[in-house]
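> The following block contains the structure, expressed as structure tokens.
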Amino acid sequence: MGGGQRRTTQNQTTSSASSSCWSHFWSSALRSKPLGSPLEVAVRTNSGDGLVRRLGMFDLILLGVGASIGAGIFVVTGTVAHDVGPGVTISFILAGVSCVLNALCYAELASRFPAVVGGAYLYTYTAFNELTAFLVFAQLMLDYHIGAASIARSLASYVVTILELFPIFKENIPDWIGHGGQNFLGGAISINVLAPILLVLLTVILCRGVGESAAVNSFMTATKVIIVIIVIFAGAFEVDASNWTPFAPNGFKPILTGATVVFFAYVGFDAVANSAEESKRPQRDLPIGIIGSLLICIALYIGVCLVITGMLPYYLLGEDAPLANAFTSKGLKFVSILISVGAVAGLTTTLLVGLYVQSRLYLGLGRDGLLPSVFARVHPRRHTPVHSQVWVGIVASALAGLFNVHILSHILSVGSLTGYSVVAACVVVLRLKDKASSQVSSSTWREGVICLLIVACGGFGAGLCYRFSVSIVFLVVAVVVAILAMGALCFRQVYADLPGFSCPGVPIVPAACIFFNMFLFAQIHHEAWVRFVILCIITVGIYAFYGQYHVDPSSEETIIYHRASGEERSKATAATTEGTSTESLKPTQA
């Protein structure tokens, strides 16, 4: 009898504890951050150390160009043209327009939020909740880690190629130095020495300060852009207009398929949003940096496409180095050497900006407590998150030095598409308001989110129908469902008007971004879908066992803000210089 009562009491205690844990998990997971005023400026942390504002508008534009244009401009343009024909120019225009729409969403949020690190993670934390923000961070970070290692290997290979132009090095550099790698255990391990060395050098530059790294990025990006312009002008004199006919030899569908491929050539402009805390005038310069860098990239890509398809018939373009082969065939071998130099400069800037963005994202999560506080520490003299930067360098060096990460390239781009889609959704959600007030009720918020999810599902469904050549009826149904959801967003919801830069055409433009991003999501390798699901499960587990218990709204490492508007700005600056602390940005219960 007594034993039965004890078992009943134990079961009740276990059930109560389980219910309490579940309740704590959801209450933590659904927390969100309040949206601060755009006039609030992040100045320092309670420990007295913070990032320093050194990036001007021109620096931000070069940061975006440096992140977006790598060696791909010399390779992807030709490889896609080989399948699409001269119509590859239209592919780049379509993909560019789609990216411009995404950039408008990023630009609005960058100008609307207080100028702190975080980017897509911070926007999601404010518009949705803590767990969703952590999931977005994880998807982005895996892309960044694998991408950095892959780019480092490509950079090492190009550096060796340039060294082999000198007779003393030609055919004397072993594979384990830089070309590919020395394989062991059936290819499971692939040793590459040069890639980690290059990563260490770039990490050291980034640790020295944002001024030094911005100077290196500006020099390398300028070099890269100048070489691309030289390539375009040199090739223009070798163009035969008859090579542009027929313009679309295989019809329109390959052009559309090509647009889904070259979309990822523009990825990188979002890096500008993560430099908000180091921008001199973030509310003005961030939108200009995001959109300006993307427009420059579109112009350069279109120029290269027109030149390469005009120099040779599209079916004669090679797979590995199409642009270099095109110039070599015209007797312009010196341009091929320039292309190799441009590729090195392009990969260097892409890698440098990628490592920079990763450290700032880790810094943001360290401040919020979702990651250990060591990631939130900023060097008091260098004003850089040295611990985060070193960690990022170690991870990338280990991956690049020990594994052939190129084979993982087909599971990349998931993070970018996830981030772009969620940012577009954030624009809509943060603009929502009730008809009778400036606030938004839970029912209005819920209906808006459901409509956005329907648009996303419609885009993914249309993408699957297109990919597997399913009956046109199903594709039309998916498109119509998405259009109806967009109609509900337009006519059943009310949206606030914003001061400063705002994305035009809300909610249509953000909803169109979500639709096209999900359409692209359906085109990527099916293993990338598996990676998305598995990483989500792992991330939820990490949050359940660590994150939810360590987020501390009153943490001393949480970034703080000071209203720096009007007459109070000079007083605020003096007060913070003396160590006066101001109100923390606190996660609140959704």
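The backbone N, Cα and C atoms fix where each Cβ goes, and this holds for glycine too.
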> Among 60-81, 412-433, find the range that TrEMBL records as transmembrane segment.
60-81
> Would you confirm whether the transmembrane segment (334-357) and the transmembrane segment (470-491) meet the contact rule of 3 or more C-beta pairs below 8 angstroms, pairs 6 or more apart in sequence?
no
> Select the range from 87-109, 184-207, 470-491, 528-546 that forms the most Cβ-Cβ pairs under 8 Å with the transmembrane segment (255-276).
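Most Cβ pairs under 8 Å with the transmembrane segment (255-276) come from 87-109.
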> Using a Cβ cut-off of under 8 Å, list the residues of the same chain at least 6 residues beyond the transmembrane segment (60-81) that approach it.
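Distal contacts: 88, 91-92, 151, 154, 158, 214, 217-218, 220-222, 224-225, 228, 231, 258, 261-262, 265-269, 271-272, 275, 279, 285-286, 288-290, 292-294, 296-297, 300-301, 304-305, 308-309, 314, 317-324, 326, 339, 342-343, 346-347, 349-350, 352-354, 357.
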> Taking a Cβ cut-off under 8 Å, which residues six or more beyond the ends of the transmembrane segment (528-546) line up next to it in the same chain?
25, 29, 131, 134-135, 138-139, 142, 370, 410-414, 418
> Report, as numbers and ranges, which residues of the same chain sit near the transmembrane segment (470-491): CB under 8 Å and 6 or more residues beyond its ends.
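For the transmembrane segment (470-491), the list is 428, 447-448, 451-452, 454-455, 457-459, 461-462, 464, 507-508, 511-512, 515.
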> What residues elsewhere in the chain lie close to the transmembrane segment (87-109), defined as a C-beta under 8 angstroms and at least 6 residues from its ends?
77, 80-81, 123, 247-249, 252, 254-256, 258-263, 265-267, 269-270, 272-273, 286-287, 290-291, 294-295, 297-298, 301-302, 305-306, 309, 314, 420, 423-424, 426-427, 430, 498, 501-504, 509-510, 512-513, 516-517
